[in-house]
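This report refers to the structure that appears directly beneath it.
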Amino acid sequence: MLSLSSPPWLLLLVLFFFANGSATVVSLAENVTLATLPSTSPISVSFSTTSSVVAPISTELENQTASSSNLNTNNEASDEQTGNSNSNTSSHSRNINGLPSSNSNIDNANSNSSSVSSLSTTTSAISGVDQQESLILATPTALNGSGTPPEHQTIGQAPPTKGEQEAILRALDWLKEKRASDYGWGNDTHVVILAKELSGGRDPNDSVDGHVQVIQELEDTLSVKEMEIEILAMLDRHHTLPKPLDLDKLARYVLALGSLCKDPKHFHGHDLVATLQHHEPAQDIEFALTTLSACSSAAHVRKRQIRRLLDIASGVTDQSVDAIAMVILALRCIVTDHRHRHLQHFVRRPARGLATLQDQRGSFGSLRSTALAMQALQDLEYDPAGHWNRTAASRYILSRQRADGGWSEEPLQDGQEPDIGVGLTADIILALGWKGLGAVRALQCDHVIRESSDPTENGEPKLAVPFGLSSSAEESDAKNISYTYTLWVGSNVTESFSLSLVSPKNTSFFKAMTQAAEMDPRFIFEAREWPNGHYVHTLYGKKEEPRGYHYWLLYRLPELPDPNNTPGNQLIAPVGVDELMVEDGEHYLYWYKKL
C-alpha cells in the first residue's frame with residue numbers, strides 16, 4: 001500500500017518544489033535584470049496608462065535627460081533639502097534620472113515583470129517625474145544644458161536648503177551675541193532687523209521655553225525702538241544743523257520699517273518716503289535703492305524716476321554689480337504694480353548683463369555683491385540668455401562662513417577686528433533666505449494694500465512707455481501737463497528767469513520753448529536746423545562762444561533749480577530739444593555757463 005501511494009506523494013512534492021523554485025527563479029531574474037541597469041541610464045516612462053493629471057508633464061519634459069553627475073552638481077541645493085547624498089542608492093536620485101526617454105532594456109524588463117511589478121514601476125516612475133518637475137521649478141540650474149524649459153517657467157520658489165537654513169540660524173545666533181547694550185547694532189541696526197524679519201528667525205516648531213520666548217520678543221521690541229530713535233535723531237540733525245541726509249541709510253530705514261509692517265509715510269509725524277523722493281541722489285546705486293524703498297512702501301514712483309532707472313539699465317556695461325542688482329530690484333518692484341506690468345520686459349536686459357558677471361566659483365565679486373546679485377536674480381522667469389547658477393553662488397557664500405557663524409570680507413584691512421561683518425552677515429541672510437530686499441513689497445501689509453488699491457496714478461491709468469522705446473495709445477490722450485522752464489546766465493548764476501507753463505501731453509521741449517518765447521521776450525531764442533533736429537545757440541540775446549567755452553546746456557530736473565545748489569552733469573538732458581518730451585511736474589533749465 002505504501003509502494004502504491006509513494007509515486008503520487010513524490011510527484012506532488014516534485015511538482016511543488018518546481019513550482020516554488022520556478023517562482024523564485026522568475027522573481028530573482030526580474031530583480032537581477034532591474035538591478036544590473038546602470039545608474040545613469042534614463043528610465044523610460046509611458047504616460048499612456050496614467051491619469052490626465054500627469055500627461056502634460058510628459059509633453060513638457062519629453063526627450064529631456066540629465067546625467068546623475070550633472071544633476072548632483074547643479075541641483076545640490078535641492079539634494080540637501082531632501083537629505084539625498086548618493087545618486088546610485090537613493091530612490092530620489094534614481095527618479096531624477098527618470099526623465100521620459102526610450103530604453104529597450106527597461107522596456108524588456110517591464111514586459112517580463114508581473115502586473116503587480118509593472119504597476120509598482122509605473123507608480124514609482126510617475127512619482128519620480130513629479131519630483132523632477134518640482135526640482136526644476138525650485139532650482140535655477142536644473143535645466144542647464146538639458147533642453148528647453150516649459151514656457152513662463154518661474155524659477156526659485158523653493159525654500160532655503162537644509163545647509164542654508166543651518167547657516168542662517170548660526171548667523172542669527174552670532175548677530176544676537178553682537179547686539180550692543182542699547183539693543184542695537186551700531187550703524188547696522190536697520191539691516192539686522194530687516195534680515196531677522198524676512199528670514200523668519202527660528203522655526204516656530206522648535207521647542208522654546210515660553211519665558212525665553214517672551215524675553216526674545218521684548219529684546220526685539222527694544223531693538224526696533226533703538227532704530228526709531230536713530231531715525232528721529234538723523235531727522236533732527238538734518239533740520240537743525242542743517243546736515244545733509246544720508247539717503248542710503250534713510251532708504252534702508254524705510255525698508256526695515258516696511259518689513260515690520262510699519263508705515264514709513266506716518267512715522268511719528270514724518271513722511272520718510274516723501275523725504276526720500278524730495279532728495280534725488282546723484283549716484284545711480286543710491287537712486288535705485290531710494291526708488292526701491294519708495295516702491296516697497298506702495299508710494300507713487302514718478303515717471304522721471306522710472307526713466308532714469310531704464311536709462312541706467314540700458315547701460316549695464318558701465319555699471320557695477322551692486323548698481324545693476326539694485327536697479328533690477330527696483331524695476332521688479334515697480335512692475336509688480338498692475339499699472340506698470342507692460343514695462344516688465346525691460347528687466348530682462350540688466351538681468352542678462354548681471355548673470356554674465358558670475359565667475360566660475362559662483363561669486364559676483366565680493367561677498368556683499370554676490371549676496372545682492374542673488375537677491376536680484378532669484379525668482380526670475382527662466383531666460384537661456386541670462387542663465388546663472390544659484391547653487392554655485394550659495395556654495396561659494398557658505399564656504400566663506402566663519403566658525404562663529406558670521407561673515408567678513410577677506411583679507412581684513414589694517415585695524416579691523418576679526419569679528420566685524422554685522423551688516424554683511426545680515427545681507428547674506430537675506431540672500432540665503434530667498435527673501436531679500438525685493439520681498440518687502442510682497443508682505444502685503446495694511447498700508448501697502450491700501451495704497452495699491454488706488455486704481456489710478458495721479459489721474460492716469462498707468463505709466464506710458466518712455467519716449468523713444470515704444471509708442472502707446474495712452475500717450476495720445478489730450479491731457480494738459482504743468483512744468484517750469486528756467487534760464488540761468490553765468491557760471492555763478494548772475495541772472496535767473498522762470499516760467500510756469502501748461503502744454504498738451506506729448507509736447508516736445510522745442511515747442512515748449514516756442515510757447516515760452518511768445519509769453520516772455522526774455523525766452524526768445526535762435527536755433528539752427530540740422531537733419532537730426534534743432535540746435536539752440538542763442539537765448540536771452542546770449543549767443544554761445546566756442547572760443548571762450550561758453551555754451552547753453554539743457555537740464556531736466558526733479559525739482560525747481562536752486563542757484564545755491566547747482567545741478568550736476570548727470571542731470572543734463574540725454575536727448576535734443578526735439579526728442580525731449582516735457583512731463584508733468586518736471587523742471588527744465590537752460591544754463592549759459594563756461595565749460
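Backbone N, Cα and C define each Cβ position, glycine as well.
Summarising the annotation, Swiss-Prot assigns compositional bias 'Polar residues' to 61-83.
Among the features that Swiss-Prot reports, compositional bias 'Low complexity' is placed at 84-119.
The N-linked glycosylation site annotation in Swiss-Prot covers Asn31 (among others) and rests on sequence analysis.
Annotation source Swiss-Prot lists N-linked glycosylation site at Asn63 (among others).
Per Swiss-Prot, the feature N-linked glycosylation site maps to Asn88 (among others).
Per Swiss-Prot, N-linked glycosylation site is recorded for Asn112 (among others), and the stated evidence type is sequence analysis.
Per Swiss-Prot, the feature N-linked glycosylation site maps to Asn144 (among others).
Annotated N-linked glycosylation site per Swiss-Prot: Asn187 (among others), in sequence order. According to DSSP, Asn187 (N-linked glycosylation site) sits within a helical segment.
Per Swiss-Prot, N-linked glycosylation site is recorded for Asn205 (among others).
Taken from Swiss-Prot, the feature N-linked glycosylation site applies to Asn389 (among others).
Listed in sequence order, the residues of the same chain lying 6 or more apart from Asn480 (N-linked glycosylation site) and placing their CB within less than 8 Å of its CB are Val502, Ser503, Pro504, Lys505. Taken from Swiss-Prot, the feature N-linked glycosylation site applies to Asn480 (among others).
Taken from Swiss-Prot, the feature N-linked glycosylation site applies to Asn492 (among others). There are 9 other CB atoms within 10 A of the CB of Asn492 (N-linked glycosylation site), with all protein chains counted.
Under the heading N-linked glycosylation site, Swiss-Prot lists Asn506 (among others). In this structure, Asn506 (N-linked glycosylation site) belongs to neither helix nor strand by DSSP; it is coil. Summarising the environment of Asn506 (N-linked glycosylation site), the number of other Cβ atoms within 10 Å of its Cβ, over all protein chains shown, is 16.
Taken from Swiss-Prot, the feature region 'Disordered' applies to 61-119 (among others).
Annotation comment: Swiss-Prot describes 141-164 (among others) as region 'Disordered'.
Taken from Swiss-Prot, the feature signal peptide covers 1-23.
Among the glycosylation sites Asn187, Asn389, the residue whose Cβ has the fewest other Cβ atoms within 10 Å is Asn187.
Comparing the Cα of Asn187 (N-linked glycosylation site) with the Cα of every entry in Asn389, Asn492, Asn506, these being the glycosylation sites, the smallest distance points to Asn389. Rounded to a whole value, the Cα-Cα separation of Asn389 (N-linked glycosylation site) and Asn506 (N-linked glycosylation site) is 44 Å. The separation of Asn506 (N-linked glycosylation site) from Asn492 (N-linked glycosylation site), Cα to Cα, is 33 Å.
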